[in-house]
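See structure below.
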Amino acid sequence: MRRNSNFSSLETNYLFSSIRQKIRSFREKHPEISIIDLSIGDTTQPLHASVIDTFSTSVRKLGNPKTYRGYGPELGLPALKEKLSEVCYRGKVSPEEIFISDGAKTDIFRLFSLFGPGKTIAVQDPSYPAYIDAAILAGARKIVKLPCTKETDFFPVIPQEENIDIFCLCSPNNPTGTVLNREQLKELIDYANSHGSIILFDAAYSAFISDPSLPTSIFEIPEARFCAIEINSFSKSLGFAGVRLGWNIVPKDLKYSDGSLIIRDWERFLCTTFNGASLPVQEAAIAGASLFPNLEAISKYRYNSSLLREALQKAEFVVHGGEHAPYLWVEVPSMIPDEDFFDFFLYQYHIAITPGKGFGSCGTGYVRFSSLGKSENIVAACQRLSQTSVYDRTVLSL
């Protein structure tokens with residue numbers, strides 16, 4: 001059996017394994033020092049009581065012959081789809097256009113696979129690494145990286161010379177923590193519609209948006225129905241990171257160049273490759289969706305972000321994003337070499353962060369802070385940051 005050649009095309013990224021190794025090494029050498037890990041985007045707030053109650057009730061039903069159920073509908077429970085249509089989209093998206101899944105990451109790969117190999121796929125730079133890996137494994141012909149820098153307000157520079165099949169856009173963005181406004185989204189939508197491109201819009205962090213002038217869905221721009229697919233997740237909003245549940249939207253107006261409906265192929269694809277998400281999890285999500293948009297966990301993460309922003313600015317760092325996302329994109333002074341960013345924060349502040357270059361070349365000069373940590377850890381990190389300016393000293397070892 002020959003190896004799938006797409007695996008040979010994957011970029012080798014040692015950064016994240018190196019981070020884990022450096023943290024282990026530091027703890028072995030300095031067990032008396034506590035490290036606050038703000039490098040990962042994992043959630044820490046517990047599930048809401050109403051979600052737990054519904055979840056347990058649903059699971060108990062599986063233990064009773066009278067209430068036991070086997071397979072559910074492959075495309076998702078109608079009640080959950082109706083709830084999402086109502087509370088998240090105010091009827092702008094019909095329940096039939098919503099597909100329940102086991103999470104955003106698998107949706108990304110499935111959608112790339114739906115459109116088949118040989119496509120040119122554009123991703124933001126910096127961006128979530130899974131987009132590129134999934135595109136390569138699905139047989140993408142070419143990956144085009146769209147620079148997102150502070151000079152462009154982290155808006156992707158659209159290539160005029162490339163014929164893009166699929167745009168991968170994430171807003172609120174991981175890692176920059178910034179949000180595309182309506183005018184910016186409209187510009188990208190107009191481009192996609194005029195060039196026959198598809199926008200794969202990752203809205204996994206939309207629950208963090210508190211400004212009503214900012215779009216929480218690409219379908220707030222009507223023309224998006226002709227060029228976009230949206231992905232979302234319950235991981236951050238309801239704390240389902242370990243439970244696994246998400247959804248995607250494929251509009252009925254979205255068509256291939258020959259006029260056939262993409263939604264029909266998507267339904268066939270899912271019925272062939274996916275047996276549907278867990279029924280107890282979906283029922284728990286119905287209870288959780290009833291809490292939208294007043295989510296206590298999101299409020300706590302937002303507060304964490306505000307504390308981190310204030311502390312980082314007090315330490316004289318330049319901070320971007322974080323107002324409507326759980327990530328802060330922090331500039332590091334040029335006096336500290338890029339390859340030393342992680343060690344600098346580890347040894348000077350005893351805080352673990354993610355160097356920006358792990359998200360692409362345009363991440364050079366930045367680090368990402370996550371506000372998804374426990375409140376007490378965020379407070380402790382802020383105390384450490386506030387006590388020492390980045391310009392006071394530079395410590396790279398102990």
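Keep in mind that glycine also has a Cβ here, set from the backbone N, Cα and C atoms.
Since this is a predicted model, take the numbers as computed values, not measurements.
What Swiss-Prot lists as substrate binding site is Tyr14, Gly41, Lys105, Tyr128, Asn174, Asn275, Arg368, and the listing cites sequence analysis. Swiss-Prot lists Tyr71, Ala104, Lys105, Tyr128, Asn174, Tyr205, Ser233, Phe234, Ser235, Arg244, Asn275 with the feature pyridoxal 5'-phosphate binding site, giving sequence analysis as the kind of evidence. If you look up Swiss-Prot, you'll see Lys236 marked as N6-(pyridoxal phosphate)lysine.
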Alpha-carbon spacing, Arg368 (substrate binding site) to the residue listed as 'N6-(pyridoxal phosphate)lysine', which is rounded to whole Å: 17
For Ser235 (pyridoxal 5'-phosphate binding site): DSSP state (helix, strand, coil): coil
DSSP three-state assignment (helix, strand or coil) for Lys105 (substrate binding site): helix
Those binding-site residues listed as Ser233, Ser235, Asn275, and which of them has the most Cβ atoms within 10 Å of its own Cβ: Ser233
Nearest recorded site to Gly41 (substrate binding site) by CA-CA distance, among recorded positions Tyr71, Ser233, Lys236: Lys236
The residue listed as 'N6-(pyridoxal phosphate)lysine', number of other Cβ atoms within 10 Å: 26
Of Tyr71, Ser233, Ser235, Lys236, i.e. the recorded positions, those within 10 Å of Asn275 (substrate binding site) when Cα atoms are compared: Tyr71
Candidate nearest Tyr71 (pyridoxal 5'-phosphate binding site) in space, where candidates are the recorded positions Lys105, Tyr128, Asn174, Lys236 and distance is Cα-Cα: Lys105
Fewest other C-beta atoms within 10 angstroms, as judged across Lys105, Arg368, which are the binding-site residues: Lys105
